[in-house]
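Residues annotated as coiled coil in Swiss-Prot, with sequence analysis given as evidence: 823-867, 1056-1084. The N-linked glycosylation site annotation in Swiss-Prot covers Asn23, Asn102, Asn139, Asn145, Asn248, Asn265, Asn272, Asn277, Asn514, Asn948, Asn1015, Asn1075 (among others), and the record cites sequence analysis as its basis. Swiss-Prot lists 770-875 with the feature region 'Heptad repeat 1 (HR1)'. Residues annotated as region 'Heptad repeat 2 (HR2)' in Swiss-Prot, with sequence analysis given as evidence: 1025-1106. The feature motif 'Di-lysine motif' is assigned by Swiss-Prot to 1160-1163, with sequence analysis given as support. As annotated by Swiss-Prot, signal peptide applies to 1-18, with the evidence given as sequence analysis. Here Swiss-Prot flags 19-1096 as topological domain 'Extracellular', drawing on sequence analysis. Summarising the annotation, Swiss-Prot assigns topological domain 'Cytoplasmic' to 1118-1163. Taken from Swiss-Prot, the feature transmembrane segment covers 1097-1117.
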Amino acid sequence: MLERSLLLATLLSALCSANLFGNNSYVYYYQSAFRPSDGWHLHGGAYEVVNVSTESSNAGTTGCTAGAIYWSKNFSAASVAMTAPQNGMSWSTEQFCTAHCNFTDFVVFVTHCYKSGHGSCPLTGLIPQNHIRISAMKNSSLFYNLTVAVTKYPRFKSLQCVNNMTSVYLNGDLVFTSNETKDVSAAGVHFKAGGPITYKVMREVKALAYFVNGTAQDVILCDGSPTGLLACQYNTGNFSDGFYPFTNSSLVKEKFIVYRESSVNTTLELTNFTFSNVSNATPNTGGVQTIQLYQTITAQSGYYNLNFSFLSSFIYKASDYMYGSYHPSCKFRLETINNGLWFNSLSVSLGYGPIQGGCKQSVFANRATCCYAYSYNGPSLCKGVYRGELTKSFECGLLVFVTKTDGSRIQTRNEPFTLTQHNYNNITLDRCVEYNIYGRVGQGFITNVTNYAINYNYLADGGMAILDTSGAIDIFVVQGEYGLNYYKVNPCEDVNQQFVVSGGKLVGILTSRNETGSQPLENQFYIKIINGTRRSRRSITGNVTNCPYVTYGKFCIKPDGSISTIVPKELEHFVAPLLNVTENVLIPDSFNLTVTDEYIQTRMDKVQINCLQYVCGNSLECRKLFQQYGPVCDNILSVVNSVGQKEDMELLYFYSSTKPSGFNTPVLSNVSTGEFNISLLLTPPSSASGRSFIEDLLFTSVESVGLPTDDAYKKCTAGPLGFLKDLACAREYNGLLVLPPIITAEMQTLYTSSLVASMAFGGITSAGAIPFATQLQARINHLGITQSLLFKNQEKIAASFNKAIGHMQEGFRSTSLALQQIQDVVNKQSSILTETMASLNKNFGAISSVLQDIYQQLDSIQADAQVDRIITGRLSSLSVLASAKQAEYYRVSQQRELATQKINECVKSQSIRYSFCGNGRHVLTIPQNAPNGIVFIHFTYTPESFVNVTAIVGFCVNPANASQYAIVPANGRGIFIQVNGSYYITARDMYMPRDITAGDIVTLTSCQANYVSVNKTVITTFVDNDDFDFDDELSKWWNDTKHELPDFDEFNYTVPILDIGSEIDRIQGVIQGLNDSLIDLETLSILKTYIKWPWYVWLAIAFLTIIFILVLCWIFFMTGCCGCCCGCFGIIPLMSKCGKKSSYYTTFDNDVVYEQYRPKKSV
């Protein structure tokens, strides 16, 4: 059982109790009628304390008032517990009076009241002595009363209010409940002394309880702690050692939307109304009330366009006291009414009445807010509107009445209004959010992967998103200011998070996320858990040779959460097995060396299954539905975990049993590569050559291409006057005199002087030009030969390089074929995994394989029915995967056993088993690493020809003076053979006849074989020849049959054998081809000639040195701070001067320098 962070105590006898546990950190309630079966059950009923406060007294000095509610604290909580000190409080006005719980609609309280009289016991009335009252009140009326003797509750200890069924517990016993479930809105205890009262506010959490005979014996809170997450996700508190994937679904508080367009234009409806002139309109008969209205329009909310185009044939009459228009409340004309004016209400009508006073009087009579008058030179048939003019006739005109109020419900416009909505994609990164990406909704952890995806032109053809195998968005793209931005949608919680259980305890978490306090463990990160909380990072300590607990790769995770490295005990020594020779009359006498390649798989790829994530993905509805499936995921996971654990243990044992001591010790000396030339990979030995560093600094060097003879020339001209021997040191190359083409200044002066002197006296001194001409011809020869060799070498390099490239390409092809065969073996492991992932795209009879689409298209009940099919199908796929991995483990386990035998028998020694290490008699085996396995290269010798000899089982010896005895070959010595009438002994596997010696035989006491004598009744299946004719019976069955042995070369082995022999031969040919491509170039050399600087450069260096010394001396004299420099430079006369100058300052013990004041000398 898991060790939990909270102290889980056994709940006491009462099934209706509610006691605080875990250092008063939580409480567990359950009804008396709830008696589940034995085992773990996940349901509500647990409440965790989130806030604690205390109160000393609230009754004042006169005592508390019994039978009334005088004190209350406001809450909004699922449960509130009010507890007194351990000894409790007495039922008296000097200590405790009333405690209550307010569930908004009604109040439940417990009190006592033994007084009578006016104002006493206002809520309950007189209560009998030594009794308490438990009541419930609604709208000031008591609807529940329970009177209990104080013998049951001698003192007040606690009152707990719970929202579930509005339950109230007194001293841990259920005293009130109803069929309503409401949170606690207020509660309080009215008391004077005996406190303090502790208020504990709690929130409701699910709990996993372990019941025995209907009583909860153990409780694990589903509160987000590691223990709660693990137990409540797998519905059990008992876990064996292993790894358990989990998903921590946190509350998502943020949401964002990714829009297809950056902006959306919406054109709102524009209501058009066109006014027109009314023909045959009736004039008014007197007063404004008789003016008849036409074409009345009342605008609703929205946009309107009022067309008064017919007014172009009318003449507007401005306001002139009583005459014309009157619209002081309207600052617009009808011609401009569509210029974006806002109204809260608007009504427009046409009328025909007198221009004289018709508009003004209509506004005063509240028939309109504004009135516009227009003349069309009409007849004078309209009557007046004022009291003295009602019978008079005036000119009729068009009157436009506008009734309006200001506001923003109505707007007039000339054109339809276009509303532009700018969509800003504010994508929330690096935390769990709800998203709506191009219409697909879900939850995810969004990361920016633009830097990784920008170079691969993903979605470059206008695509918006890449979906994963389940149909959810995997990668989506958003057009940014500077180009496309790519984002990756990850699950909110790490899919690879796994709890680690070791020794029955939850000790850590394995995650693929590098969190604070984690430490690397293979390809994951490990977080240690102590007492239910995460602990800071600790390094891996100690080594162990074996691990009885849970292992991850080469690491052992112990029950205390610490990690140790598994270092298998190395094999100290090994010996070769003895020969086990069998008999054969055909003995081989000649052999061939054979190379056989064999691939054996020694490890399998482990898988980590997050069952809940695979089945439901990020769908919360699916996860709720999946809880009905019980421990099916636990069963699948247990199979996969056990396979992984066994795989790790056997793999460690495999390496520990085959790795000899000193295996990792490098050999760095006496390395022989045989005929393989790897000198290009080695650093050539350094040797001192060339001039010194000073010479390289003081001289200018010139390098040129030279011939092999240039080294001898350089040695010949070495020395201060070497340039004088230039022509004497000339060398011959292929019969031609050659000199390096570089001429120094000394040589140039020498040859020029010789040439000029030879021309001074004509033919007499002409012989002086011979040295000049000779050295010139030699240098031209050098240039010509060098250019010719360079051209030839270029042709050789090109031809050889082309040949080498061809061989390298062929080598790469051969290597790829060999690797392809290994890959075919390895890829068999992933076929079932590929099929499992492909199942995510199958709908298994549902309308879609995408869970989000199903819940969006159907209601809850229909969607659950469809998703139930997908859950069943995906669970079946996971079961197939688990079974396949289990079968693969058994096969790989057998392969490892075979590989262990191969290493011990073939690699570490010579096998005596024929054709076990390759084909034939074993000589040598070289192992090589391969993906998920080992390739063995077996060198064996196989028989080419045989000698047919007569084999003798043994000899029976009959001595003259003793009883007879028999001799047979000793085990492993061979067999007796007869050759030309003589007897020899020879090995069974190689024909080497030799004389028989005493060490080759074993003496038997008798020449006869021992048999057991029995009668006929013992062996009932034996028949005589008279009763049964074998020849006749066998002829019935064996006629027309062929007696041929099967062709074992075509036998279908279950062990995958990798044959790369032909590829190895091809690679060997390529190596030979590369060796043939070595280039034998004509040897050239680099000639380096040093040119001395001119005399004026040396003169400038000398002047600069002198100036530097003078400036340095001047600084010493002027500053008086020459110090030790005088002595260092050996300037003895200056030392006294420096001493006198520096003595002007005196340094005291406090390291403060003062200037000494010397007395002035009189002149």
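Cβ from N, Cα, C; glycine included.
Every protein chain considered, the tally of other Cβ atoms within 10 Å of the Cβ of Asn265 (N-linked glycosylation site) stands at 9.
Of all the glycosylation sites listed here (Asn102, Asn265, Asn272, Asn277, Asn948), Asn102 has the Cα closest to the Cα of Asn145 (N-linked glycosylation site). Annotated pair Asn948 (N-linked glycosylation site) and Asn514 (N-linked glycosylation site), C-alpha to C-alpha distance, rounded: 73 Å. The glycosylation sites under consideration are Asn139, Asn145, Asn272, Asn514. Their Cβ neighbour counts within 10 Å are lowest for Asn139. In the three-state DSSP scheme, Asn139 (N-linked glycosylation site) is classed as coil.
A separation of roughly 66 Å, to the nearest angstrom, links the Cα atoms of Asn272 (N-linked glycosylation site) and Asn514 (N-linked glycosylation site).
Candidate glycosylation sites: Asn102, Asn277, Asn948. Fewest other C-beta atoms within 10 angstroms, Asn948. Comparing Asn514 (N-linked glycosylation site) with Asn265 (N-linked glycosylation site), their Cα atoms are 46 Å apart once rounded.
Among the glycosylation sites Asn102, Asn139, Asn277, the residue whose Cα lies closest in space to that of Asn265 (N-linked glycosylation site) is Asn277. Under the three-state DSSP scheme, Asn514 (N-linked glycosylation site) falls in the coil class.
The average per-residue pLDDT of the prediction over the coiled coil (823-867) is 73, rounded to a whole number. According to DSSP, Asn277 (N-linked glycosylation site) is assigned to coil rather than to any helix or strand. For the pair Asn102 (N-linked glycosylation site) and Asn139 (N-linked glycosylation site), the Cα-Cα distance reads 12 Å.
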